[in-house]
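Colleague: Mind looking over this structure? Questions follow.
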Amino acid sequence: MNTVKKVLDKILAVVCIALFSFLVLLVTWQVVTRFVFNSPSVFSEELAKYCFVWLSLFGSAFVFGENGHMAIDFVREKFPDKMRMGVEVFIELVVIAFAVLVLIMGGYNATSIAWNQMNATLHIPVGYLYAAIPLSGIFIVYYCINSIYLIVTKKKPLEEIDLSTTPKAKSDLQGGM
C-alpha cells in the first residue's frame with residue numbers, strides 16, 4: 001500500500017507542478033496579449049479557469065495524502081489516544097462518504113451530462129474539463145483508506161505517523177532544510 005501511495009504522490013505532485021506552471025504561462029500570455037498587443041487571447045482566459053480548477057482539485061487530493069489539510073483539532077486533543085484514533089477513523093469515514101457521494105458520484109453525473117457538450121472557446125468536450133471532479137474524489141478516497149489502514153495497523157493517532165514519502169519532505173519535517 002505504501003508503494004502505491006508513493007507512486008500516486010509523485011504523479012499528483014508532477015501533475016500539480018505542471019498545471020501550476022502552465023497556469024502561470026497562460027496568465028502571462030493573457031496579460032501580454034491584452035496589454036502589449038492590445039488584442040487579448042481568446043482561449044487563454046478560459047483555459048486558465050479550467051487549469052485552476054484541475055490544480056485545486058488535484059492539489060487538495062495531494063494534500064489529503066500528506067495529511068496537510070486544515071484541521072481544528074482542539075477537541076480531538078482532549079481525548080486519550082485510543083479514543084482519538086476512533087475519532088480520526090470516523091472523520092476519515094465522513095470524508096470518504098463526502099468524496100464518494102459528491103465528488104465521485106456527483107462528478108461522474110456532471111461529467112456524463114457534459115460529455116456531449118462542446119466548449120465554445122476551446123472546442124473540446126466539457127466532459128474532459130469536468131473529469132477532474134470524480135478523479136480527485138477517487139484519489140481522496142484512496143488516501144482516506146490509506147490513513148485508516150495506517151491508524152489501525154500502527155495503533156497510533158494519524159498525527160504521530162510519518163506520512164511523507166520523499167526524503168526531502170521527511171528532512172523538512174524534522175527541521176532540516
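Glycine is treated like the rest: Cβ placed from N, Cα and C.
As annotated in TrEMBL:
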TRANSMEM  12-32  transmembrane segment
DOMAIN    23-151  domain 'Tripartite ATP-independent periplasmic transporters DctQ component'
TRANSMEM  47-65  transmembrane segment
TRANSMEM  86-108  transmembrane segment
TRANSMEM  128-152  transmembrane segment
Colleague: Give me the mean pLDDT over the domain 'Tripartite ATP-independent periplasmic transporters DctQ component' (23-151), rounded to a whole number.
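Modeller: Residues in the domain 'Tripartite ATP-independent periplasmic transporters DctQ component' (23-151) carry a mean pLDDT of 91 in this prediction.
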Colleague: When secondary structure is assigned with DSSP, how many helix, strand and coil residues does the domain 'Tripartite ATP-independent periplasmic transporters DctQ component' (23-151) contain?
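Modeller: Taking each residue of the domain 'Tripartite ATP-independent periplasmic transporters DctQ component' (23-151) in turn, the totals are 98 helix, 2 strand, 29 coil.
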